[in-house]
Amino acid sequence: MWRLRTVGHKARGPGIRSEEFKLKRREREKVLRQARRDRHLVSKRLLLHDYDEEEGDEEHTRASVKPASSEQVVEIMCKLQTGGEDKATALRSLRNVLRSPEVHVAFIRLENSVPVLVGLLSGSDAQCRVEAAKCLHQLSHSPCPNVGLACLPATPYLLTYLSGQRGKFTELCLYTLGNLCAESEPVRERLQAQGIVMALVSCIQNHGGSLAVLEAVAFTLSQLLQAREGASKVAPLVLTLGLIPHLVAGLTPDPEFGIGAAIECAWCLHYLASCEVDKSELISQGVVSRCSSLLITLEETVAQGDLQEGLELLIWPLVRCLGNLLASSACENTEECVRDTRVLSALCGFSHRVLQMHPALTKETLWVVNNLTADSPAWCSALLSFGLLPGLLQLLPLSLGINCMVLRIVGNVAHKGSVFSLMLTQGGLLPPLCATLKMADPEVVTLSLEVLYLLVTSSQQAGEEFVKQNGQSVLEMIQYSSDEALRQRAAAIVDLLPQAAADER
Amino acid sequence: MLHCDPAEPEGDVSGSPVDSVRVRGTSSPFTFTPRRIQILGDHELFEDGDIHRHLYLQDLFATVTEDSPTPKVSEFRCHIAGCSLMFSSLDGYEQHYSTLHQHVCSTCRRCFPSRHLLDIHILEWHDSFFQVMAEKQSMYQCLVEGCPSKFSSSNERKDHLIRTHSYPPDFRFDRPRKNKRPKRRKGVVHTDLMDTSEEGAADSGTVLDSWATTHHTHHCEQRQSHPADTGTPTQYSRRVPSSVCFGQGSVRGFRGRREKK
């Protein structure tokens, strides 16, 4: 049920060796990080058609190995234009040739090539229509931006076909559109003018039951939403056109289909929750409760030792969506927004389970715990009564900002009053806190001092315990720091410590 | 109800540095308030997750263990201004601290391996009554902790140390006080933190190494006398500027604690 079914768009063949794959992945990762910094993080998806199975995979691999030349393109286009012959066959060979990205540019430069292709896409021959769409899909995956632009004349037809009945063909059109969306702002503007969001809504309505179509719709939508102008132009439309219930319904992993559709829906919801729009619509449509209940279910599954590859692809956006909705002004009261307290245990559970593979996800789950506990004594006492404190304290020595988040969380708890502070002290917070006071990161030291201050001002026992831990020497040392803000804080706490106990030393 | 300021919707995850500036000058330096944090889509916190998604979209996602940035334990730093050495473990840090910053004389900034030796040093070097008293009665305590013997001069003590405790004749922490030196030293760059001898000033920079060597040579003797001091801090051969007053020990000098602040 939780497996990430490798649907048709998994281009990774078994032939690729793992070392080679790792190298490629590492290079790609570097490029992606740079792209993200440049705010142009886009990805395209290549659908390896299930149709290909009919033709046999052998032919397919052979074709991709054979270097395609632009002469071949000219030849095929001649055949297509002169008419006669079997156009569908010609289109099939065109698609094979187009598997080499180098040919894409040659193709669009060829006079009349795109109009001919669009003519076949819009023609009455059903088979030609499908083959032309596949050719366009290949073109839409091109790394060259000009190719995408050249395909624009096809978009009205692709959008029209979304309301068709045939699932596979609809998917093909959707992924092609999704790839084109990724290209550039002018393309997205054009598509929006042609009503792409509305077309996506009616597409989901027409293909109510199909998770594959839902996945494709959500993929295309996520491409629109994550674009720079997505927040201002697309998100409001998505909220008003009634897509949210479909996305929420999509957050249901299917035993047959796997979690692919849920992943895409969850990312769409994350993009919506992380931009500056009115979140009340999202909350009233039940996004918070759906996200949290799915997280609880997922954690239970993972706790049973059933951690499937790729599950983090679903956990990640759910966590983010929850975190941002809890922080929004639309969420007046976190206790009312999230009614199931098990979500707290689930989040803390994830923070440990994903730590080795995805420490960044650990930090994000802790961020959500921070948002839950910030204004709510109820969540703070849940944290303590569920016995989640020891697990959090284990994370205190870790870097990558994890310790800061944990300190914020214990700070939230300590801030709720002396009973809470006392429980933190009794829960063993002071020994690890003495260690974080010695850390290099000034932010960690600052937060540690803040937490310590909350503890010693609200309970006598904390001060005594801290002195017992030989914590005073750490504070004295901080008073010799070059950072004035740290010195002030440390000096203030030293004055608060129980003097009798301090003098005994 | 606390929300992130809508004016800075990025959600200041780092938080505190900004706060501390804002509140400085008010009565309390403490600024922590619980707050829910909103994080916009392009915040750096989201980077790894976004990359992971796009690797998945590009069919390059995989559980490649070797590449994942396994979480590291945070580094530790000596907070003493002018020192700021970094340590990857708490142990290394504590070793450094106890060696260099724990038993420091606030007057002349010499550093001692034990509290006992520091106390004797302060008494003999910086207590103005000591010399007067020493003329009337035996005031020089034995350097070995727990040995009650007292002597009328440091030379007598030296003999005692050599004969009774098998100390080396050149025991590093038993240098007799030379009257002129403390004055001359004031304001002069102290090159020898550990060494109270004159020749120590010559080998500046490698002072700690040389100390460590001596320390090694007389390891057994020192063990006897200072069971707490077992470290060999060879890796921390770093000097601290004289302008800096540091360490827990410094508050136990004759200048009062309040005054120091």
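From the backbone N, Cα and C atoms, a Cβ is placed for every residue, glycine too.
Just so you know, TrEMBL annotations are computer predictions that nobody has curated.
Among the features that TrEMBL reports, compositional bias 'Basic residues' is placed at B:177-188.
Residues or ranges marked as compositional bias 'Polar residues' in TrEMBL: B:227-237.
Taken from TrEMBL, the feature domain 'C2H2-type' covers B:78-101 (among others). Across the domain 'C2H2-type' (B:78-101), the prediction's mean pLDDT works out to 75.
The domain 'C2H2-type' feature in TrEMBL is assigned to B:105-126 (among others).
The DSSP breakdown of the domain 'C2H2-type' (B:142-165), given as helix, strand and coil counts, is 12 helix, 2 strand, 10 coil. Under the heading domain 'C2H2-type', TrEMBL lists B:142-165 (among others).
The region 'Disordered' annotation in TrEMBL covers B:1-26 (among others).
Taken from TrEMBL, the feature region 'Disordered' covers B:165-261 (among others).
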Item to check | Secondary structure composition of the domain 'C2H2-type' (B:105-126) [DSSP: H/G/I, E/B, coil] | outcome: 12 helix, 1 strand, 9 coil
Item to check | DSSP residue counts for the domain 'C2H2-type' (B:78-101), split into helix, strand and coil | outcome: 11 helix, 2 strand, 11 coil
